[in-house]
Amino acid sequence: MKLEEKLEHNESLVGKSRPCLHDTHQANGKPIANGNPTANGKVEVYEKQEANGKGNRLGKCLNLYTWQEIQRHSQEADQWLVIDRKVYNVTDWAGKHPGGRRVLNHYAGQDATDAFRAMHLDLGMVKLYLKPLLIGELSPEEPSQEKNKNAQLVEDFRELRKTLEAMNMFSANLRFFFLHLAQILILEISAWLILHHFGSSWLVTILISFLLTVSQAQCSFLQHDLGHLSMFKKSKWNHLMHKFVMCHLKGLSADWWNYRHFQHHVKPNIYPKDPDIDVGPLFLVGDTQPIKYGKKKIKYIDYEKQHLYFYMVALPFLMPVYFNLQSMQVMYLRKYWMDIAWVSSFYIRYFITFGPFYGIFGTVLLIYLVKFIESPWIAYVTQMSHIPMKMSSEENHDWLSTQVVATCNIEQSFFNDWFTGHLNFQIEHHLFPTMPRHNYHKVAPLVKSLCAKHGLQYINKPILKAFGDIVRSLKKSASLWMNAYYE
């Protein structure tokens with residue numbers, strides 16, 4: 001059969017109901033030998049279904065699809081994705097996805113296997129939600145991932161994950177996290193005791209503002225852990241504690257944070273899927289966005305000086321203005337009543353504890369003074385690992401490559417671990433979001449070795465250089481904009 005005729009023949013079979021095959025494949029994606037061949041050489045695929053706790057196999061024929069067919073379904077109104085060679089139509093269900101609809105849309109038409117494994121705890125339970133969405137599987141002759149991806153790299157990364165699971169690297173040390181929570185609560189209680197004992201003088205106000213700032217920053221890191229389900233074995237306990245830490249202790253919406261942050265994790269530094277780099281028109285970042293703005297002669301502000309705006313705007317106002325207002329807006333527009341109740345308890349707590357000393361207006365000022373001081377801390381920690389790294393439009397690389405090219409690490413020290421909430425191990429965190437952070441340093445050598453094997457640059461830099469690279473990156477982007485704007 002000629003190549004053209006073979007392609008035409010395969011295309012005519014795409015999406016059609018195929019004879020069925022037992023729901024098992026070899027590592028290379030080929031069907032195992034216990035399938036029953038039919039007249040046309042195809043075999044039947046049966047989906048396992050449990051009935052009354054017994055392993056009964058109910059015959060359910062699945063369609064077979066090529067990657068070419070799957071990639072056509074990549075729009076918000078028509079979303080298919082692949083997990084472990086199974087094809088799912090998530091179009092109508094995306095709005096019900098606990099992690100947000102956009103995360104699914106970002107993988108429409110793609111293999112989402114590694115992202116699925118990375119972002120969930122109990123895969124068996126989660127797959128129950130996927131069962132009604134199953135429409136077929138990859139044709140036996142199709143590779144398990146898109147043809148542009150390095151199959152050996154994908155296999156090596158999955159073997160690494162299995163190794164880490166066997167080493168119990170995904171098991172949390174609860175003592176570590178509860179000591180961290182104790183640190184936060186002790187700082188807050190200390191601030192109130194000092195205020196109660198010494199009064200609300202300027203010196204005392206400065207001191208307690210410092211204590212509350214440290215508490216809030218460390219609270220940011222703890223809520224980040226809980227949002228990623230890395231503390232408890234059960235998702236529900238992580239979610240409940242996340243409400244307490246993020247909403248009650250910080251006064252921000254947990255759901256808002258998760259829906260935003262998960263997008264960043266699955267597609268870091270990818271336009272327009274990563275909300276963390278959607279900072280235009282105030283800032284232009286990366287190499288492509290500045291040139292795009294420049295060629296279109298767009299000049300909302302003086303971009304030549306955007307590195308100065310970073311100091312004047314991004315550092316002090318990220319937490320008290322941008323995050324705070326966006327959190328409130330999303331909570332009320334999407335009617336997150338649970339989060340609204342929890343966040344209300346944050347303000348009630350502050351008015352009860354600090355209101356008698358400062359009054360209502362003074363307490364509000366204290367809240368936002370603390371957020372204002374905390375903001376540069378969080379801005380530096382969150383931006384130093386991403387802003388200087390590669391930014392691009394969707395290229396659909398494998399999970400390891402996607403994360404490594406968009407992130408970098410900061411040298412380890414006791415201070416760096418504490419100051420960054422262990423986000424100095426940003427590469428390991430992005431590869432394994434549900435891994436407890438106290439294990440990052442243990443897996444880093446294995447990740448570095450895998451990167452070296454496949455020619456991926458594993459960047460690890462001093463913290464002060466990382467701070468400086470943010471500004472240098474903004475200057476570089478400004479220069480690209482200038483060249484395109486004035487050419």
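Placement of Cβ uses the backbone N, Cα and C atoms for every residue, glycine included.
Quick look at what Swiss-Prot annotates:
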BINDING   HIS97, HIS120  heme binding site
COMPBIAS  1-11  compositional bias 'Basic and acidic residues'
DOMAIN    62-139  domain 'Cytochrome b5 heme-binding'
REGION    1-20  region 'Disordered'
MOTIF     224-228  motif 'Histidine box-1'
MOTIF     261-265  motif 'Histidine box-2'
MOTIF     426-430  motif 'Histidine box-3'
TOPO_DOM  1-175  topological domain 'Cytoplasmic'
TOPO_DOM  197-201  topological domain 'Lumenal'
TOPO_DOM  223-307  topological domain 'Cytoplasmic'
TOPO_DOM  329-349  topological domain 'Lumenal'
TOPO_DOM  371-487  topological domain 'Cytoplasmic'
TRANSMEM  176-196  transmembrane segment
TRANSMEM  202-222  transmembrane segment
TRANSMEM  308-328  transmembrane segment
TRANSMEM  350-370  transmembrane segment
Surrounding residues of the topological domain 'Lumenal' (197-201) on its own chain - C-beta under 8 Å, 6+ positions past either end: 357-358
Contact set, same chain, for the topological domain 'Lumenal' (329-349): CB under 8 Å, 6 or more residues outside the stretch: 243-244, 247-256, 259, 367
Feature contact check the transmembrane segment (308-328) with the transmembrane segment (176-196), CB under 8 Å, 3 or more pairs: no
For the topological domain 'Lumenal' (197-201), residues assigned helix / strand / coil by DSSP: 2 helix, 0 strand, 3 coil
DSSP-assigned states of the topological domain 'Cytoplasmic' (371-487) in counts, ordered helix, strand, coil: 78 helix, 6 strand, 33 coil
Integer mean pLDDT for the topological domain 'Cytoplasmic' (223-307): 95
Residues of the parent chain within Cβ reach of the motif 'Histidine box-2' (261-265), under 8 Å, 6 or more residues beyond its termini: 99-100, 102-103, 106, 118-119, 224, 227, 273-276, 430, 433
DSSP residue counts for the motif 'Histidine box-2' (261-265), split into helix, strand and coil: 5 helix, 0 strand, 0 coil
Cβ-Cβ neighbours of HIS97 (heme binding site) (radius 10 Å): 16
Around the Cβ of HIS120 (heme binding site), the count of other Cβ atoms that are within 10 Å: 18
Helix-strand-coil residue split for the topological domain 'Lumenal' (329-349), DSSP-based: 18 helix, 0 strand, 3 coil
